[in-house]
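Listed in TrEMBL:
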DOMAIN    A:21-130  domain 'PurM-like N-terminal'
BINDING   A:22, A:68, A:193  Mg(2+) 3 binding site
BINDING   A:22, A:38, A:68  Mg(2+) 4 binding site
BINDING   A:39, A:40, A:113  Mg(2+) 1 binding site
BINDING   A:40, A:68  Mg(2+) 2 binding site
BINDING   A:47, A:281  substrate binding site
BINDING   A:112, A:113, A:138, A:195  ATP binding site
BINDING   A:196  Mg(2+) 5 binding site
């Protein structure tokens with residue numbers, strides 16, 4: 001059983017909408033704005049590669065939640081951070097990294113919880129606010145829309161696998177909060193981050209929007225490394241944004257993005273006519 | 001080093017206000033209402049006594065955060081829950097308990113995160129909304145105010161120590177969200193929950209409000225067990241509310257509470273003239 005199958009066992013209990021996007025949503029200001037929120041658990045053995053500093057662990061944990069807020073088109077406001085510590089001395093550099101990441105996104109670490117734990121465990125919860133008309137989710141992609149990404153998916157995985165020059169992509173990912181807001185305001189029809197890998201993110205967005213995707217091989221911003229296409233499709237840990245947008249709205253955008261294909265009616269993900277495998281980062285439960 | 005000393009090492013980094021209340025606060029609706037939020041990490045070896053069911057673990061985790069929201073006088077709206085699982089089968093009953101607790105407080109489990117972990121770890125984040133004028137914190141207690149509590153502190157600890165009849169107080173604590181709102185609307189000057197124990201909560205409130213407390217021995221709602229006063233002052237795990245309120249506002253209240261003493265200028269906590277020790281539940285860091 002993988003994460004997605006496990007989630008399926010509680011979807012009816014929590015609600016399908018509540019379990020289908022990275023952020024929860026709550027209307028405020030008489031429904032004119034939406035409060036979005038998201039929580040992410042990271043811990044040492046699974047999420048923090050050897051060689052990372054505590055400062056980077058604090059940064060990465062905070063970035064994980066801020067990236068989800070960014071994918072809604074929202075401006076993050078506050079972050080809560082719960083830290084389970086195996087050693088008290090690790091707290092301060094972790095919090096310094098968390099504060100730095102929050103500040104870089106014009107957000108604030110507003111509180112948290114400290115606990116002792118056998119394994120270093122960091123859970124961040126981020127809040128953000130977005131005008132109702134610009135609020136983006138995974139559903140909303142329409143046939144004919146362009147499919148776009150920011151950055152170069154695969155870079156974090158390349159860093160993990162020892163490709164030189166990509167370590168920082170892995171340990172200090174930059175949540176695209178300002179770019180996300182510009183994309184949302186331009187009129188994106190759907191948006192999410194690609195932290196689980198681009199291929200699985202496309203499948204997730206396709207299912208949520210009831211559409212498929214055809215990518216153009218020549219338009220993919222591949223890294224200059226061996227197996228570049230594999231990294232591009234299946235590498236995890238990048239916090240770039242995947243979004244769809246009607247053609248006529250795209251022209252008005254002033255954001256550095258790559259148009260990698262278009263939305264089609266038929267479900268599935270293809271590069272030209274070649275189907276893309278449906279997998280990405282997912283823990284397998286024994 | 002205990003939790004409080006560890007927190008002190010990061011207070012200047014995060015902000016003193018941000019680290020002095022159980023809830024973070026953010027103004028919404030043009031400043032007319034406050035969004036409060038709080039996060040709590042619980043895990044098996046430290047927080048879930050042997051004999052608890054997964055359903056109760058889900059309930060208790062959710063109650064921990066809802067109790068903090070209650071102590072602000074706020075109505076909880078949404079809860080996010082991150083679950084680190086040592087075994088996939090535990091997820092469903094945990095979520096059922098969490099949903100039951102949320103529903104009992106008119107709140108909703110709105111999302112979360114699932115992770116694999118060596119030790120079962122549950123992190124809940126709750127947020128709620130309160131009108132600005134009724135928003136309560138630990139600071140605000142004034143000399144002459146009455147000191148009141150809901151419930152009978154010590155019951156959860158009695159359950160943990162094997163006193164019959166108190167097991168449910170321990171494993172299914174009831175966050176006082178509706179009572180908290182009535183207390184806030186009546187005009188409480190300060191409020192917090194007593195989950196770390198009543199004595200340490202009084203000291204915390206006293207420091208935040210720059211006041212002290214004199215309790216009246218005969219007014220303490222002690223449990224009918226041996227060492228009742230010790231349980232009352234130092235037992236942890238109860239989610240009753242401690243609050244202060246001006247005398248003239250108290251008369252209008254329609255909530256079952258015990259008046260246990262009054263706020264005084266001199267710092268410290270006393271029962272009559274006898275000083276109360278400053279300790280409660282606190283993890284000690286080696």
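Even glycines carry a Cβ here, placed using N, Cα and C.
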Cβ-based proximity (under 8 Å) of the binding-site residues A:39, A:68, A:112, A:113, A:193 to chain B, or none: A:39, A:112, A:113
Three-state secondary structure, which DSSP defines for residue A:138 (ATP binding site): coil
Neighbours of residue A:68 (Mg(2+) 3 binding site) among the binding-site residues A:38, A:39, A:47, A:138, A:196 (Cα to Cα, within 10 Å): A:38, A:39
Position of peak Cβ density within 10 Å, selected from the binding-site residues A:40, A:47, A:68, A:196: A:68
DSSP three-state assignment for residue A:195 (ATP binding site): coil
Chain-internal residues near residue A:193 (Mg(2+) 3 binding site), provided their CB is under 8 angstroms and they sit 6+ positions away: A:22, A:67, A:68, A:70, A:71, A:176, A:201, A:239, A:240, A:241, A:242
Within the predicted model, mean pLDDT of the domain 'PurM-like N-terminal' (A:21-130): 96
Residue with minimal Cβ packing [other Cβ atoms within 10 Å] among the binding-site residues A:38, A:39, A:195: A:195
Cα distance (Å, whole number) from residue A:196 (Mg(2+) 5 binding site) to residue A:112 (ATP binding site): 26
Rounded Cα-Cα span from the residue listed as 'Mg(2+) 5 binding site' to residue A:40 (Mg(2+) 1 binding site), Å: 13
Summary of DSSP states over the domain 'PurM-like N-terminal' (A:21-130), given as helix, strand and coil counts: 41 helix, 46 strand, 23 coil
Pairwise Cα distance for residue A:138 (ATP binding site)/residue A:39 (Mg(2+) 1 binding site) [Å, integer]: 17
Distance from residue A:47 (substrate binding site) back to residue A:196 (Mg(2+) 5 binding site), taken between C-alpha atoms, in Å: 12
Integer Å distance between the CA atoms belonging to residue A:38 (Mg(2+) 4 binding site) and residue A:113 (Mg(2+) 1 binding site): 17
Candidate binding-site residues A:38, A:39, A:195, pick with smallest Cα gap to residue A:47 (substrate binding site): A:195
